[in-house]
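Asker: Below are the structure tokens for one structure; questions will follow.
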Amino acid sequence: MSQQMHNPSIRRKLVIVGDGACGKTCLLIVFAKGKFPQVYVPTVFDNYVADVEVDGRRVELALWDTAGQEDYDRLRPLSYPDSNVVLICYSIDLPDSLENVMEKWISEVLYFCQGVPIILVGCKADLRNDPQVIEQLRQQGQQPVSQAQAQEVADQIGAVEYIECSAKTGFGVREVFEAATRASLMGKQGKSKAKSDKKKKKKCVVL
């Protein structure tokens, strides 16, 4: 009994969503396996499990990857039930992927995961200052997403945090999942304090 109290088993479920090719799977693989995949393979359905320690607590974090392509719009909701935190990802070098956070992803997440903490994640931060990326976007009348633009979207969708990362360089990767773990642990209490009129149940509900 004392051993159980000293090191309790805490399990949480994280679901990651966002446009296809925005960097979701690479982010998960680098965090869970420590290596960056060199070839892009569209995700159909993948799960990983990682141990995360935050604030002296060890958490077994189940990482649920999802496919962003429209072909999987009917399959993806199977990932949502019982989630404790959701990462909505976009790619910093693809402004349209941030626009889709507002136009597609937030409504889907709110529908299937009412009350679950959301973190907005800017992937591929290493490409923001890449000359080739900047030139390609300039030719389309666009530019890489700025931190201010992304933070504004994070505020609009009610995200508990906005974090940038680069799976390729490793920048911010651990910070993303530590923040997600904290959000999954504090979600119920934090949400209920902020909005006492909300229901206490904070897990996903498939309607």
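Using N, Cα and C of the backbone, Cβ positions are placed for all residues, glycine too.
Sharing the record's features from Swiss-Prot:
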- 18-25, 65-69, 123-126: GTP binding site (BINDING)
- 40-48: motif 'Effector region' (MOTIF)
- 187-207: region 'Disordered' (REGION)
- 190-207: compositional bias 'Basic residues' (COMPBIAS)
- C204: cysteine methyl ester (MOD_RES)
- C204: S-geranylgeranyl cysteine (LIPID)
Asker: Could you tell me which three-state DSSP class T66 (GTP binding site) falls into?
Answerer: coil
Asker: Looking at Cβ-Cβ distances, which residues of the chain lie under 8 angstroms from Q69 (GTP binding site) while being 6 or more apart from it?
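Answerer: Long-range Cβ contacts: G20, P42.
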Asker: May I ask you to report the DSSP-based helix, strand or coil state of A21 (GTP binding site)?
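Answerer: Note: A21 (GTP binding site) is coil by DSSP, not helix or strand.
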Asker: Around A21 (GTP binding site), how many other C-beta atoms are within 10 angstroms of its C-beta?
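Answerer: For A21 (GTP binding site), the 10 Å Cβ neighbour count is 18.
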Asker: Taking the Cβ of T66 (GTP binding site) as centre, how many other Cβ atoms lie within 10 Å?
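Answerer: I get 22 for this one.
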